[in-house]
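Undergrad: To start, I am sharing the structure in question, which I have written as structure tokens.
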Amino acid sequence: MLQIAIGLFALLFLPGAAPITPASWACVVASAVLHVVYTLLLVRAYEHGDLSVAYPVARGTAPLLVTLGAAVFAGERLNVGAQCGLVLICAGILAIGLERGRGAPHRMAPVLLTAFATGVSIAAYSVVDGIGVRESGSTVGYTGWMFVLTGLLMAAYYRLRAGPLRLTQDIGETAKAAGGGVFAALAYGIVIWAMDRAPMGPVSALRETSVVFAALIARVYLGERLTPRRAGGCLVIACGALLISAFNAVR
């Protein structure tokens, strides 16, 4: 439902958006398909097991894969300082997320495999969007059409799997889905805007620093312990972000 809500929200911006170039439509379609694949893989990863393992593995590996994809398909090359910052951010994310993720190897293997596949899908749609928005001539137009098409594909998938879509009668749940869709659309819209102006790898890495805010919010509002490992992970992520901002990322 979240992707469908995002698509409906994006419709509001299309009338005032500049048209995108014909060359960028291939990226719009590819990104929409990859977003659907990402959503299904993420659900599968959560079904397989521990959220505290699946999420950080998926998010922690994505920036490195984005950097590799951007180098191959967009010719981006990062300087040593930015590379070190990116690696520090990924290491910090994994350190925070995998703190409680210990389990039997035979149980963890499916979780790790699916989570890594999710990370690959995140990297794939990020690189496609980075290339597509630079070709489009309209950040708002590209982002809006990508979200709308993703919502349509997601609705079609659920229609085939579960029959006609039905709106829930629970107003509270509907409001949560709508609110989540708005914030998710704005958040990733900012990421696409940034990738139109900066190298994809560092943008992807800085996007994932949200885990630091999640850890701090959990400490302040949920009373969760900020363990030495989590605090160290937050510090490593902060150092990585400072390195990326201090160096001109592209050599």
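For all residues, glycine too, the Cβ spot is worked out from N, Cα and C.
Predicted automatically and left uncurated, TrEMBL annotations should be read as such.
Found this in TrEMBL, in case it helps:
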- 4-96: domain 'EamA' (DOMAIN)
- 29-46: transmembrane segment (TRANSMEM)
- 53-74: transmembrane segment (TRANSMEM)
- 80-98: transmembrane segment (TRANSMEM)
- 110-128: transmembrane segment (TRANSMEM)
- 112-245: domain 'EamA' (DOMAIN)
- 140-158: transmembrane segment (TRANSMEM)
- 178-195: transmembrane segment (TRANSMEM)
- 201-222: transmembrane segment (TRANSMEM)
- 231-250: transmembrane segment (TRANSMEM)
Undergrad: State, in range form, which of 53-74, 80-98, 140-158 has the highest count of Cβ pairs under 8 Å to the transmembrane segment (201-222).
TA: 80-98
Undergrad: Using a Cβ cut-off of under 8 Å, list the residues of the same chain at least 6 residues beyond the transmembrane segment (231-250) that approach it.
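TA: Same-chain contacts beyond the ends: 76-82, 84-96, 99, 198-199, 201-202, 205-206, 209, 211-212, 215-216.
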Undergrad: Please list, for the domain 'EamA' (4-96), how many residues fall into helix, strand and coil according to DSSP.
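TA: Helix, strand and coil residues of the domain 'EamA' (4-96) number 74 helix, 1 strand, 18 coil.
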Undergrad: Within the domain 'EamA' (112-245), what mean pLDDT does the predicted structure show?
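TA: For the domain 'EamA' (112-245), the model's average pLDDT rounds to 86.
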